[in-house]
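S.K.: The structure's right below; bear with me while I get my questions together.
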Amino acid sequence: MAVALLVALCVVSSRMALPSEAVPFYRQDSEVCNSPVCQKAAQTLLESMDTSVDPCQDFYQYACGEWIRKHPIPEEKFRISPLDALYDNVLDTVAEILKNATSENHATSVLKSANYFQACMDAEARETQGVEPLKNLLTSLGGWPMATPGWSGANYHWQTQVATVTRNLGIRPIIDVFVDADANRTSQHIINLDQADFGLGRNQLINLTSSSRTQEIVAGYRNYIIASAKLLNPNADDIQLANDADEIIQFESTLAQFSTPPEERRDASSWYHKMTVAEVQTVTENTYFQWTEFLNTVLKEFPQVMPETEVILYERDYTKNVLKLAHETNPRILANYIGWIVLMKEGYHTTRQFRENKFQFEKVQIGIEKEEKLERVCTDHTIGLLGYAVGRLYVDKFFTEEEKQDIDELVENIRSAYKSTLRNNTWMDHVTRNKAIDKLEAMINKMAYPTWIKNDNELNEYYRSVPAINRDEFFSSLLKVTKVVKAIQLGKWNKPTDRIKDWITTPAVVNAFYSPDSNSMSFPAGILNWPLYQYGTSPALNYGAIGAIIGHEMSHGFDDQGGQTDPEGNLVDWWLEETKAKFNQKADCFRKQYSSYLEPTTNMHLNGNNTVGENIADNGAVRNAFIAYKMHLLHSQNNHVMRKKTLPGLSATAEQLFFLGYSTMWCGAERKESLEWSIQYDSHTPSEFRAVVPLTNSRSFAEAFGCASGTPMNPTHKCLLW
């Protein structure tokens with residue numbers, strides 16, 4: 001592995017005995033699985049591995065060398081991996097379903113999603129409409145000075161426009177307003193006020209000239225703004241456009257300087273500030289921004305916000321400072337900035353040239369070399385907006401109840417393994433340990449899809465306000481549908497939550513989630529596919545791949561952030577101080593370990609602080625999924641013989657298959673520009689390190705491959721938490 005270990009790591013202080021070590025009277029036997037699914041799995045591994053490499057020296061190259069060689073990054077992508085290939089497959093499948101959906105045997109809401117997709121795909125109608133629908137949108141928001149000759153700010157009220165785009169589009173510039181569970185009373189939804197996201201990366205915005213690479217990205221962003229304005233107003237003065245673009249970037253830079261970086265927001269006590277709207281008015285120290293009026297504009301169709309209404313204010317200083325900044329800023333700059341953020345989010349839904357502008361910026365930012373096809377854009381967009389309706393189509397065709405039950409059983413086996421880990425660790429006091437076990441037992445498993453989407457009446461009721469789709473006027477339909485979908489979330493304000501029915505995702509998604517405020521894991525149907533899961537293949541592979549994904553989300557309940565919430569997801573400190581100190585010491589081991597790695601393409605060190613939660617989860621996932629696999633062997637034994645399924649044509653043992661199943665899902669390559677971006681901002685480490693670092697911390701891996709102590713894959717010093 002082409003990385004350098006630069007600092008000493010924490011020494012493992014304890015180790016739990018695996019089930020295989022505790023029951024030596026069972027005879028272990030292997031049998032080759034020759035079923036079609038096992039033959040497919042064997043072929044996939046053989047085509048991925050470079051067996052000329054010593055696995056104890058460079059396991060990533062051993063597991064992934066051939067896969068990387070055979071899979072160059074496509075021009076339109078910033079990265080390629082088996083997970084990306086799975087995502088592509090799901091999108092292709094969904095696109096075919098949406099193209100061919102008819103009124104026969106489909107719920108009304110499902111047909112609306114198909115019509116929406118087909119309208120999105122009508123490139124000719126888009127070009128006929130041109131940019132006029134976008135210009136009309138911006139006009140309704142007070143105009144965009146860059147594209148509006150003679151614009152006057154005399155009657156422009158930026159607060160009203162921010163509230164309007166928040167309500168109608170879910171776009172939240174300057175101030176982020178959203179409805180979510182109250183983190184300290186998760187049975188109820190509450191209004192949340194937070195710092196906004198930006199059009200450019202925070203690090204670049206804070207210091208616009210910090211490096212030649214930053215200057216290149218900022219220049220690309222500036223060109224993106226100017227080119228977009230030119231599409232709306234071809235006759236605009238170039239000097240004025242350049243000046244406006246510079247003012248937008250400088251204003252956004254100041255916003256970013258007021259913001260708090262993500263690694264400083266991992267402790268909930270830093271952002272959970274519950275108070276009344278009247279108190280927000282006081283602590284933000286202003287008389288020119290009326291919070292009650294602003295929030296009632298956001299929540300226009302819903303119960304009235306009063307001065308005594310409680311909200312959560314995340315960032316007091318940011319909010320106070322940006323309100324003062326906005327008050328002192330020329331209305332033209334405010335209107336240009338808000339209009340730009342709207343245009344950046346929605347412009348590419350109009351003409352081909354807008355999509356070209358977006359591509360030119362992404363070419364600089366993340367290194368892609370070709371624009372993504374419209375079909376891919378429309379599929380992803382439709383899933384994002386009407387995901388439950390699309391998900392219904394997907395699960396009806398591509399997910400069986402048999403598979404769901406099989407994976408549910410796998411989840412419970414990993415939960416049992418985790419419970420064993422908690423019971424047997426030596427660093428937790430018994431009070432904290434018991435509370436951790438209570439939380440684990442209360443953790444909700446949301447598998448594949450919410451059951452209510454299978455009921456036509458319930459699904460139609462959920463989307464009842466979605467209007468009929470006009471295929472000739474896609475952008476108009478987009479605005480109407482978006483407003484309805486955003487109203488569904490805003491409409492939850494002041495209503496109770498439902499830990500079972502409320503999902504954080506929709507079914508046709510290739511990802512997995514842990515939600516701290518509901519203490520629940522979600523595994524959408526999209527991710528429950530090969531190469532992560534295959535019904536009937538070697539259990540070692542399933543436990544190593546989808547089992548590790550499950551273990552990863554389960555571990556999030558006990559990482560540096562998830563560990564701050566109780567079994568119902570409320571912010572509660574349930575740790576005794578001595579145990580908390582030991583937890584922090586072990587978490588610091590991971591911070592130092594990952595920060596010591598140098599990513600060779602970018603010559604950048606990993607950010608062990610921002611990624612610590614994900615790294616804790618990756619390491620806990622591998623350890624507990626392996627324990628669960630061993631437990632599975634015990635439970636499936638017959639006449640005191642544990643039969644391990646191996647694969648044809650491979651000399652790998654079942655234990656080795658487990659670790660190959662884990663690492664091969666992280667095979668891949670990523671463009672340098674994208675890697676630079678992800679190392680700065682992503683809470684996950686790059687795939688190569690996810691594939692390997694948890695294995696260097698695993699004694700079971702070293703035993704499976706016979707790696708001597710002190711080899712790269714079995715270092716003397718290891719980090720261990722769960």
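Including glycine, each Cβ sits where the backbone N, Cα and C put it.
Residues or ranges marked as signal peptide in Swiss-Prot (evidence: sequence analysis): 1-17. Residues annotated as domain 'Peptidase M13' in Swiss-Prot, with sequence analysis given as evidence: 32-722. Here Swiss-Prot flags C33-C38, C56-C707, C64-C667, C120-C378, C589-C719 as disulfide bond. Among the features that Swiss-Prot reports, N-linked glycosylation site is placed at N100, N184, N207, N424, N609. Feature annotation from Swiss-Prot assigns Zn(2+) binding site to H552, H556, E614; the stated evidence is sequence analysis. Marked as active site by Swiss-Prot on the basis of sequence analysis: E553. Annotated active site, proton donor per Swiss-Prot: D618, in sequence order, evidence recorded as sequence analysis.
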S.K.: List the same-chain residues at least 6 positions away in sequence whose Cβ sits under 8 Å from the Cβ of the residue listed as 'active site, proton donor', in sequence order, or say none.
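M.R.: Sequence-distant Cβ neighbours: A548, H552, S555, T685, R690, V693, P694.
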S.K.: Restricting the comparison to the recorded positions C64, C378, H556, which residue's C-alpha is spatially nearest the C-alpha of C719 (disulfide bond)?
M.R.: H556
S.K.: By a simple count, how many Cβ atoms lie within 10 Å of the Cβ of C64 (disulfide bond), its own Cβ left out?
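M.R.: Other Cβ atoms found within 10 Å: 30.
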S.K.: Nearest to C56 (disulfide bond) by Cα distance: which of the recorded positions E553, H556, E614 is it?
M.R.: E614
S.K.: Return the residues near N184 (N-linked glycosylation site) by Cβ distance under 8 Å, restricted to its own chain and a separation of at least 6 in sequence.
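M.R.: Y272, K274, N570, L571 - these are the non-local Cβ neighbours of N184 (N-linked glycosylation site), listed in sequence order.
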S.K.: Tell me, roughly as an integer, the mean pLDDT over the domain 'Peptidase M13' (32-722).
M.R.: 94
S.K.: Determine, for the Zn(2+) site, the additional residues of the same chain whose CB lies within 8 Å of the mean position of the CB atoms of H552, H556, E614; present them in sequence order.
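M.R.: After dropping the recorded site residues, what remains is Y514, E553, S555, D559, G613, I616, A617, D618, G620, A621.
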S.K.: Across all protein chains in the structure, which of the disulfide-bonded residues C38, C56 has the highest Cβ count within 10 Å?
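M.R.: By the 10 Å Cβ neighbour count, C38 comes out on top.
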S.K.: In the structure shown, which of the glycosylation sites N100, N609 has the fewest Cβ neighbours within 10 Å?
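M.R.: Result for the glycosylation sites N100, N609: minimum number of other Cβ atoms within 10 Å at N100.
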